[in-house]
(Lines of atoms letter the chains of each structure in order from A and count residues from 1; the text may use other names and numbers.)
(Lines give C-alpha, C1' and ligand atoms only; values in the text may rest on other atoms or scores of the structure.)
Protein backbone atom coordinates (compact mmCIF):
# COMPACT_ATOMS: atom_id res chain seq x y z
CA UNK A 1 0.00 0.00 0.00
CA UNK A 2 2.96 2.31 0.54
CA UNK A 3 3.35 2.58 -3.24
CA UNK A 4 -0.06 4.29 -3.44
CA UNK A 5 1.08 6.75 -0.76
CA UNK A 6 4.12 7.76 -2.82
CA UNK A 7 2.04 7.96 -6.00
CA UNK A 8 -0.29 10.39 -4.25
CA UNK A 9 2.63 12.31 -2.76
CA UNK A 10 4.36 12.68 -6.14
CA UNK A 11 1.19 13.78 -7.91
CA UNK A 12 0.28 16.20 -5.13
CA UNK A 13 3.77 17.74 -5.20
CA UNK A 14 3.68 18.12 -8.98
CA UNK A 15 0.36 19.98 -8.84
CA UNK A 16 1.20 22.26 -5.91
CA UNK A 17 4.72 23.41 -6.86
CA UNK A 18 3.91 25.93 -9.66
CA UNK A 19 3.43 29.54 -8.55
CA UNK A 20 -0.25 30.26 -8.01
CA UNK A 21 -2.43 32.41 -5.75
CA UNK A 22 -2.01 30.15 -2.71
CA UNK A 23 1.76 29.87 -3.00
CA UNK A 24 2.16 33.59 -3.63
CA UNK A 25 0.07 34.46 -0.58
CA UNK A 26 1.87 32.00 1.73
CA UNK A 27 5.23 33.26 0.46
CA UNK A 28 4.32 36.91 1.08
CA UNK A 29 3.06 36.17 4.58
CA UNK A 30 6.29 34.29 5.29
CA UNK A 31 8.38 37.23 4.09
CA UNK A 32 6.36 39.54 6.36
CA UNK A 33 6.51 36.94 9.17
CA UNK A 34 2.85 37.76 9.71
CA UNK A 35 0.73 34.77 10.79
CA UNK A 36 2.65 32.72 8.21
CA UNK A 37 2.44 29.38 10.05
CA UNK A 38 -1.27 29.86 10.70
CA UNK A 39 -1.82 30.60 7.01
CA UNK A 40 0.23 27.54 6.02
CA UNK A 41 -1.92 25.39 8.32
CA UNK A 42 -5.19 26.80 6.97
CA UNK A 43 -4.06 26.29 3.37
CA UNK A 44 -3.07 22.70 4.13
CA UNK A 45 -6.36 22.04 5.94
CA UNK A 46 -8.29 23.49 3.00
CA UNK A 47 -6.40 21.15 0.69
CA UNK A 48 -7.19 18.26 3.03
CA UNK A 49 -10.92 18.98 2.67
CA UNK A 50 -10.75 19.48 -1.10
CA UNK A 51 -8.53 16.45 -1.74
CA UNK A 52 -10.70 14.21 0.40
CA UNK A 53 -13.86 15.45 -1.31
CA UNK A 54 -12.36 14.95 -4.76
CA UNK A 55 -10.97 11.47 -4.18
CA UNK A 56 -13.90 10.16 -2.17
CA UNK A 57 -16.67 11.18 -4.55
CA UNK A 58 -17.10 14.96 -4.70
CA UNK A 59 -15.76 15.16 -8.27
CA UNK A 60 -19.12 13.96 -9.62
CA UNK A 61 -20.84 17.13 -8.34
CA UNK A 62 -18.53 19.47 -10.24
CA UNK A 63 -18.49 17.38 -13.41
CA UNK A 64 -22.30 17.18 -13.49
CA UNK A 65 -22.86 20.89 -12.74
CA UNK A 66 -21.59 23.02 -15.66
CA UNK A 67 -23.26 26.12 -14.22
CA UNK A 68 -21.46 25.61 -10.91
CA UNK A 69 -18.15 25.25 -12.75
CA UNK A 70 -18.87 28.45 -14.70
CA UNK A 71 -19.75 30.32 -11.49
CA UNK A 72 -16.53 29.19 -9.80
CA UNK A 73 -14.50 30.09 -12.90
CA UNK A 74 -15.78 33.65 -13.27
CA UNK A 75 -15.62 34.26 -9.53
CA UNK A 76 -11.99 33.19 -9.68
CA UNK A 77 -11.30 35.48 -12.64
CA UNK A 78 -12.68 38.50 -10.77
CA UNK A 79 -10.73 37.71 -7.61
CA UNK A 80 -7.42 37.07 -9.41
CA UNK A 81 -7.71 40.33 -11.35
CA UNK A 82 -8.34 42.20 -8.09
CA UNK A 83 -5.51 40.41 -6.28
CA UNK A 84 -3.07 40.99 -9.15
CA UNK A 85 -4.02 44.66 -9.36
CA UNK A 86 -3.28 45.08 -5.65
CA UNK A 87 0.16 43.51 -6.07
CA UNK A 88 0.99 45.68 -9.10
CA UNK A 89 -0.21 48.86 -7.34
CA UNK A 90 2.07 48.02 -4.40
CA UNK A 91 4.99 47.37 -6.77
CA UNK A 92 4.48 50.65 -8.65
CA UNK A 93 4.00 52.74 -5.50
CA UNK A 94 6.40 55.67 -5.29
CA UNK A 95 6.79 54.91 -1.57
CA UNK A 96 7.02 51.13 -1.46
CA UNK A 97 7.93 51.09 2.22
CA UNK A 98 4.74 53.01 3.10
CA UNK A 99 2.63 50.70 0.92
CA UNK A 100 4.21 47.65 2.55
CA UNK A 101 3.58 49.14 5.99
CA UNK A 102 -0.11 49.55 5.12
CA UNK A 103 -0.26 45.86 4.17
CA UNK A 104 1.41 44.94 7.46
CA UNK A 105 -1.43 46.68 9.34
CA UNK A 106 -3.93 44.10 8.12
CA UNK A 107 -5.57 42.23 10.97
CA UNK A 108 -5.68 38.49 11.47
CA UNK A 109 -9.25 38.06 10.24
CA UNK A 110 -8.68 40.04 7.05
CA UNK A 111 -5.63 37.89 6.31
CA UNK A 112 -7.65 34.72 6.96
CA UNK A 113 -10.47 35.99 4.70
CA UNK A 114 -7.97 36.70 1.92
CA UNK A 115 -6.45 33.23 2.32
CA UNK A 116 -9.88 31.60 2.09
CA UNK A 117 -10.66 33.60 -1.05
CA UNK A 118 -7.27 32.75 -2.59
CA UNK A 119 -7.97 29.07 -1.97
CA UNK A 120 -11.70 28.59 -2.47
CA UNK A 121 -12.22 31.08 -5.33
CA UNK A 122 -9.46 29.54 -7.42
CA UNK A 123 -11.06 27.23 -10.02
CA UNK A 124 -7.75 25.45 -10.62
CA UNK A 125 -7.99 24.09 -7.08
CA UNK A 126 -11.23 22.33 -7.97
CA UNK A 127 -9.88 21.09 -11.28
CA UNK A 128 -6.79 19.68 -9.56
CA UNK A 129 -8.53 18.10 -6.59
CA UNK A 130 -11.90 17.12 -8.04
CA UNK A 131 -11.07 16.36 -11.68
CA UNK A 132 -7.44 15.16 -11.72
CA UNK A 133 -7.19 13.57 -8.27
CA UNK A 134 -10.83 12.49 -8.34
CA UNK A 135 -10.45 10.68 -11.66
CA UNK A 136 -7.25 8.92 -10.59
CA UNK A 137 -7.87 8.22 -6.92
CA UNK A 138 -11.57 7.57 -7.40
CA UNK A 139 -10.82 4.46 -9.45
CA UNK A 140 -8.94 2.77 -6.61
CA UNK A 141 -10.33 0.37 -4.04
CA UNK A 142 -11.02 1.88 -0.61
CA UNK A 143 -7.74 0.93 1.11
CA UNK A 144 -5.40 2.07 -1.72
CA UNK A 145 -7.58 5.18 -2.07
CA UNK A 146 -6.90 6.11 1.56
CA UNK A 147 -3.15 5.76 1.10
CA UNK A 148 -3.29 7.75 -2.14
CA UNK A 149 -5.21 10.55 -0.42
CA UNK A 150 -2.83 10.50 2.55
CA UNK A 151 0.17 10.90 0.24
CA UNK A 152 -1.39 13.83 -1.57
CA UNK A 153 -2.37 15.53 1.69
CA UNK A 154 1.13 14.97 3.10
CA UNK A 155 2.65 16.75 0.09
CA UNK A 156 0.36 19.72 0.73
CA UNK A 157 1.26 20.01 4.43
CA UNK A 158 4.99 19.62 3.75
CA UNK A 159 4.96 22.17 0.95
CA UNK A 160 2.99 24.94 2.65
CA UNK A 161 4.91 24.75 5.93
CA UNK A 162 8.21 24.47 4.06
CA UNK A 163 7.38 27.49 1.90
CA UNK A 164 6.26 29.60 4.87
CA UNK A 165 9.36 28.74 6.91
CA UNK A 166 11.75 29.25 3.98
CA UNK A 167 10.21 32.63 3.13
CA UNK A 168 10.46 33.71 6.79
CA UNK A 169 14.10 32.59 6.91
CA UNK A 170 14.91 34.56 3.74
CA UNK A 171 12.86 37.56 4.90
CA UNK A 172 15.87 39.84 5.61
CA UNK A 173 16.93 39.53 1.95
CA UNK A 174 13.46 39.48 0.42
CA UNK A 175 12.06 42.38 2.45
CA UNK A 176 14.20 45.03 0.72
CA UNK A 177 12.41 47.58 -1.48
CA UNK A 178 13.96 46.16 -4.67
CA UNK A 179 13.09 42.56 -3.81
CA UNK A 180 9.55 43.50 -2.78
CA UNK A 181 9.02 45.38 -6.04
CA UNK A 182 10.19 42.40 -8.09
CA UNK A 183 8.10 39.93 -6.06
CA UNK A 184 4.95 42.05 -6.32
CA UNK A 185 5.39 42.54 -10.07
CA UNK A 186 5.91 38.80 -10.50
CA UNK A 187 2.87 37.96 -8.38
CA UNK A 188 0.68 40.53 -10.15
CA UNK A 189 1.67 39.36 -13.64
CA UNK A 190 1.19 35.68 -12.76
CA UNK A 191 -2.24 36.36 -11.20
CA UNK A 192 -3.36 38.23 -14.32
CA UNK A 193 -2.04 35.52 -16.64
CA UNK A 194 -3.96 32.89 -14.67
CA UNK A 195 -7.06 35.13 -14.73
CA UNK A 196 -6.90 35.55 -18.52
CA UNK A 197 -6.38 31.81 -18.96
CA UNK A 198 -9.40 31.14 -16.76
CA UNK A 199 -11.43 33.73 -18.69
CA UNK A 200 -10.69 31.88 -21.92
CA UNK A 201 -11.82 28.64 -20.29
CA UNK A 202 -14.90 30.41 -18.93
CA UNK A 203 -15.84 31.67 -22.40
CA UNK A 204 -15.45 28.13 -23.74
CA UNK A 205 -17.67 26.79 -20.94
CA UNK A 206 -20.34 29.42 -21.60
CA UNK A 207 -20.21 28.70 -25.33
CA UNK A 208 -20.73 24.99 -24.62
CA UNK A 209 -23.65 25.75 -22.30
CA UNK A 210 -25.54 27.80 -24.88
CA UNK A 211 -24.86 25.53 -27.85
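Just so it is clear, glycine is given a Cβ too, placed from its N, Cα and C backbone atoms.
According to Swiss-Prot, the protein has these features:
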type     : residues : note
TRANSMEM : 1-21     : transmembrane segment
TRANSMEM : 37-57    : transmembrane segment
TRANSMEM : 68-88    : transmembrane segment
TRANSMEM : 111-131  : transmembrane segment
TRANSMEM : 147-167  : transmembrane segment
TRANSMEM : 179-199  : transmembrane segment
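Taking residue pairs at least 6 apart in sequence, the transmembrane segment (37-57) and the transmembrane segment (68-88) share fewer than three C-beta contacts under 8 angstroms.
If one looks beyond the transmembrane segment (147-167) by at least 6 residues along the same chain, the residues whose Cβ comes under 8 Å of a Cβ in the stretch are 1-2, 4-13, 16-17, 22-23, 26-31, 36-37, 39-41, 43-44, 47-48, 51-52, 55-56, 133, 136-137, 140, 174. A Cβ distance under 8 Å defines the sequence-distant neighbours of the transmembrane segment (111-131), meaning residues of its chain 6+ beyond its ends; these are 15, 20-22, 25, 29, 34-35, 38-39, 42-43, 46-47, 50-51, 53-55, 58-59, 61-63, 69, 72-73, 75-76, 79-80, 83, 194, 198, 201.
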